[in-house]
Amino acid sequence: MASPRTITIMALSVALGLFFVFMGTIKLTPRLSKDAYSEMKRAYKSYVRALPLLKKMGINSILLRKSIGALEVACGIVMTLVPGRPKDVANFFLLLLVLAVLFFHQLVGDPLKRYAHALVFGILLTCRLLIARKPEDRSSEKKALPESAEEQPSLYEKAPQGKVKVS
């Protein structure tokens, strides 16, 4: 049977991957939701207006929206279907992307309810990455503890003669 750690990583990977495939698809095409697509177009126009450096670099709102959407779809597919280290790389890229989106929301002065989902999914991506990168076997770090009180040396045996060790 799979360990709880493995099940947690798999569940987070699939859920996060599907979410980012969905959100990336909304940024790329109006087929899923015309309202959400038009809202994304409006939001990305405000992001480019708020950050003139993007315009100077030749990045318009369409290019920014489609680039972010394509990256979300690609990383979401990797998170959902590809095993091993590529999941961690996709997780890292999505985490950077979420941080950029949070920056954009703060830049244009959006209220918390407009970017709360980005905060939540950023936290979930961070948790998944921390759980996945944590070493599997921690038993080597733990010392074997005596099982009964008879096996444990008393404080009097550990302390020098005539002194009691107080901890």
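The backbone N, Cα and C atoms fix where each Cβ goes, and this holds for glycine too.
In terms of which side of the membrane each occupies, Swiss-Prot places Arg5 together with Asp88. For the transmembrane segment (115-132), the list of distant contacts is 5, 8-9, 12-13, 15-16, 19-20, 87-88, 91-92, 94-95, 98-99, 101-102, 105-106: same-chain residues at least six beyond its ends, Cβ to Cβ under 8 Å.
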